[in-house]
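A.B. asks: This structure is in structure tokens; I'll ask about it shortly.
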Amino acid sequence: MEAIWLYQFRLIVIGDSTVGKSCLIRRFTEGRFAQVSDPTVGVDFFSRLVEIEPGKRIKLQIWDTAGQERFRSITRAYYRNSVGGLLLFDITNRRSFQNVHEWLEETKVHVQPYQIVFVLVGHKCDLDTQRQVTRHEAEKLAAAYGMKYIETSARDAINVEKAFTDLTRDIYELVKRGEITIQEGWEGVKSGFVPNVVHSSEEVIKSERRCLC
């Protein structure tokens, strides 16, 4: 029987507090925008299936992390078991962009010996008139770290699907090439799920009769 999903990828969404991590995830997983969103305390969990090719689905397990310093010791524990991540900054908040380097360095320390595929996300692009970070400098920073760059808006649903699906496809290609593998004790990538098939007693009897012929 065909698998419900081919692989499960665990993703983590990181960045400073108030950059809009929870809003972006809820727009992607629930299709809605929350005008008022309470700060994440520790870590929240979401999931969604994504079809990357016809008939090929990936289950995304998405961890929404708190950006406040007092919760960092909790969120660091989730780095190691993630295979991919969105690193968010707010295009209207230059400080959140300047802190991208710090987030990447922290992740690098705690993810060993595994790797995380990141996409850099400039969020709140609907507020372009208040922009404090140019697209050019964001693209330059992303290139320096070997990341893709994309600008999104949870409020206006701009590039939200693309951010998650592009990241998923990048990870999938690495898995297909054998550069990322399923490993015991690591939750980043898991193999697909095939549901158990319960046969009726009549079907079992017919099968047994065929075997006796």
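From the backbone N, Cα and C atoms, a Cβ is placed for every residue, glycine too.
The model shown is predicted, which means the values in this text are computed figures rather than measured ones.
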A.B. asks: For the feature phosphoserine in Swiss-Prot, which residue out of Ser37, Ser191, Ser201, Ser207 does the record point to?
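C.D. replies: Swiss-Prot annotates phosphoserine at Ser201; the rest carry no such entry.
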A.B. asks: Of the residue ranges 35-43, 107-115, 161-169, 179-187, which one carries the region 'Switch-I' annotation in Swiss-Prot?
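C.D. replies: It is 35-43 that Swiss-Prot describes as region 'Switch-I'.
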A.B. asks: Can you say which of 67-83, 84-100 is given as region 'Switch-II' in Swiss-Prot?
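C.D. replies: Here Swiss-Prot associates region 'Switch-II' with the stretch 67-83.
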A.B. asks: Just to be sure I understand the packing, how many Cβ atoms besides its own are within 10 Å of the Cβ of Cys23 (GTP binding site)?
C.D. replies: 22
A.B. asks: Counting only other Cβ atoms and using a 10 Å cut-off, which of the binding-site residues Lys21, Arg155 scores lowest?
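C.D. replies: Minimum Cβ neighbour count within 10 Å, taken over the binding-site residues Lys21, Arg155, occurs at Arg155.
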A.B. asks: In whole Å, how far is Asp64 (Mg(2+) binding site) from Cys23 (GTP binding site) when you measure between their Cα atoms?
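C.D. replies: Distance between the two Cα atoms comes out at 10 Å.
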A.B. asks: Determine the most Cβ-crowded residue among the binding-site residues Asp64, Asp126, using a 10 Å radius around each Cβ and all protein chains in the structure.
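C.D. replies: Comparing the binding-site residues Asp64, Asp126, the most crowded Cβ belongs to Asp64.
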A.B. asks: Of Ser17, Ser22, which of the binding-site residues has the most Cβ neighbours inside 10 Å?
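C.D. replies: Counting every other Cβ within 10 Å of each candidate, the maximum falls on Ser22.
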